[in-house]
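Novice: Not my notes, these are from TrEMBL:
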- 12-33: transmembrane segment (TRANSMEM)
- 53-74: transmembrane segment (TRANSMEM)
- 81-99: transmembrane segment (TRANSMEM)
- 105-125: transmembrane segment (TRANSMEM)
- 137-156: transmembrane segment (TRANSMEM)
- 162-183: transmembrane segment (TRANSMEM)
- 302-318: transmembrane segment (TRANSMEM)
- 338-357: transmembrane segment (TRANSMEM)
- 369-389: transmembrane segment (TRANSMEM)
- 395-416: transmembrane segment (TRANSMEM)
- 428-451: transmembrane segment (TRANSMEM)
- 463-483: transmembrane segment (TRANSMEM)
Amino acid sequence: MVFQKPPDGGWGWVIVVVSFITQFLCYGSPLAVGVLYVEWLDAFGEGKGKTAWVGSLANGMGLLASPVCSVCVSSFGARPVAIFSGFIVAGGLMMSSFAPNIYFLYISYGIVVGLGCGLLYTATVTITCQYFDKRRGLALGLISTGSSVGFFIYAALQRELIDLYGLDGCLLIVGALSLNILACGSLMRPLESSDSPPPEKTCVDKGPDQYFVYQGKEKTVEENISILEKGYIDEKCANMPDYKQDSLLNKNVLSSINANEKDTYKKKVVEQTNFCKQLAKRKWQLYLNYWRETVVLFKNKVFTALFVAILLFDIGGFPPSLLMEDVARSANISEDDYPMPLISIIGIMAAVGKLTLGILADFKWINTLYLYVTTLIMTGVALFAIPFAKSYLTLAMLSGILGFLTGNWSIFPYVTTKTVGIEKLTHAYGILMFFAGLGNSLGPPIVGWFYDWTQEYDTAFYFSSLCVLLGGFLLLLAALPCWNACTSQDSKLPPSTYSYKVASS
């Protein structure tokens, strides 16, 4: 099916609005899971590392399952997937209200809600890209702020609902709110197909058509057999003395028809066998090409450093959004002493950071790779300062700084494109997002295990700071002009891969 040209407006703005709302409703609770994390610690009495798996799975599962989500959207379309994901997210949240233990939450909240979020994110991004071309960056930036706004609002909303209705009532109400995703998903009308004729089928694609032609011929042969048999019976009744001669004649005709039928069947078997062989050969060739392209990507030293940096950044940089509330409680800061939850500050500053860093990346005199490295190093310094914060004001300031710096997700596609080229962007971005999800899943449990081991968060955040700083400095080292000059003499990248030029244009 060939879609019409993206309108860059019209119904596309409705798509932007409903995508913003769906990401708001879907990601609000998983991103603000730090409020629920404190309640689950008291409700189940498990260790911090074991309890942190719930929120980390919910935020990492969508990224880990991104290849599966892409296949679902490509096969069924954005609207059906968005509606289906609404049922998954709402069902997972409501099921979590009946959780008897922490292991049940791993499935209901971690895997089910996380998978629904991944499906919804892929559907909203896909339908938005179909409706926008020239304004695609603006449209994607607007819908991506939906998750940050949901982060900000749901942090305060879930705390208020817990005070009024308890933890179970909060999850039921939040799950009911998520059902509005169904209405938003129904408005994601796909683009109509153009009137241009479909492309001519290849030889491989003509196999099924030949099968149907054979079915038609087979039916005709059966009809001919029945007609001949009927004629034979009528002639037998009319002329009994010529029975043996007519019987011999009709047997010869039937045997010739059966021989033709066998030949046609053999042709069909050969055709289907060749079709299956060609299809298997084509699929195997696609897999080989995929792994060859992956090897070529990792020959690019900047891409390899970027892969290590995103993994270490998510291991160390994601835990504050989940654990900051418990950090304040561990510092003996009463909830009555601060007017706004710390994770709400992280959420609103993340939205500001996405817009600000995205605007800065559009300036020609700013190098996006160096800008991204700067955010990594500043994040590592802010994480290192968390153990020294003993008041709400200092924790709020650090939360705002960390939230703003996590907005570097908006410039990450810029960096990936400049590193590998636009032709390899989809392949490279999928690999990087998988490892980003792995970092999201491992970061909070590791920090929680450090607390269970030492009974304080200081060592945990020193470790997080070390991870982020290590990733930032490795990426900086790989991007230095002197390093590129040295490596370019030893090995040259293939023509389809591009090294990142660190000199500002």
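Glycine residues also receive a Cβ, built from the backbone N, Cα and C atoms like all the rest.
Those TrEMBL annotations? Automatic predictions, nothing curated.
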Novice: Do the transmembrane segment (53-74) and the transmembrane segment (137-156) share at least 3 Cβ pairs closer than 8 Å, excluding pairs fewer than 6 residues apart in sequence?
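Specialist: Answer no, regions not in contact.
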Novice: So are the transmembrane segment (463-483) and the transmembrane segment (81-99) touching or not, going by 3+ C-beta pairs under 8 A with a sequence gap of 6 or more?
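Specialist: Contact absent: fewer than 3 Cβ pairs fall under 8 Å.
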Novice: Cβ under 8 Å to the transmembrane segment (395-416), counting only same-chain residues 6 or more beyond its ends: which ones?
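Specialist: Contacts of the transmembrane segment (395-416) (Cβ under 8 Å, skipping residues fewer than 6 from its ends): 141, 144, 148, 306, 310, 317, 320-321, 324, 327-328, 331, 333, 338, 340, 342-343, 345-358, 360-361, 368-369, 371-372, 375-376, 378-379, 382-383, 385-386, 389, 425, 428-429, 432, 500.
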Novice: Run the contact check on the transmembrane segment (12-33) against the transmembrane segment (137-156): 3 or more C-beta pairs under 8 Å, excluding pairs closer than 6 in sequence.
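Specialist: Taking Cβ pairs at least 6 residues apart, the transmembrane segment (137-156) and the transmembrane segment (12-33) are in contact, with 3 or more under 8 Å.
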Novice: Residue list, the transmembrane segment (105-125) vs rest of chain: Cβ under 8 Å, 6 or more residues beyond ends.
Specialist: 19, 22-23, 26-27, 29-30, 33, 40, 53-66, 69-70, 72-73, 78-79, 81-82, 84-86, 88-89, 91-93, 95-96, 99, 140, 143, 181, 185, 188
Novice: Counting only residues 6 or more past its boundaries, what in the same chain has a CB within less than 8 Å of a CB in the transmembrane segment (162-183)?
Specialist: 21-22, 25-26, 28-29, 35-36, 39-40, 43, 82-83, 85-87, 89-94, 96-98, 120, 154
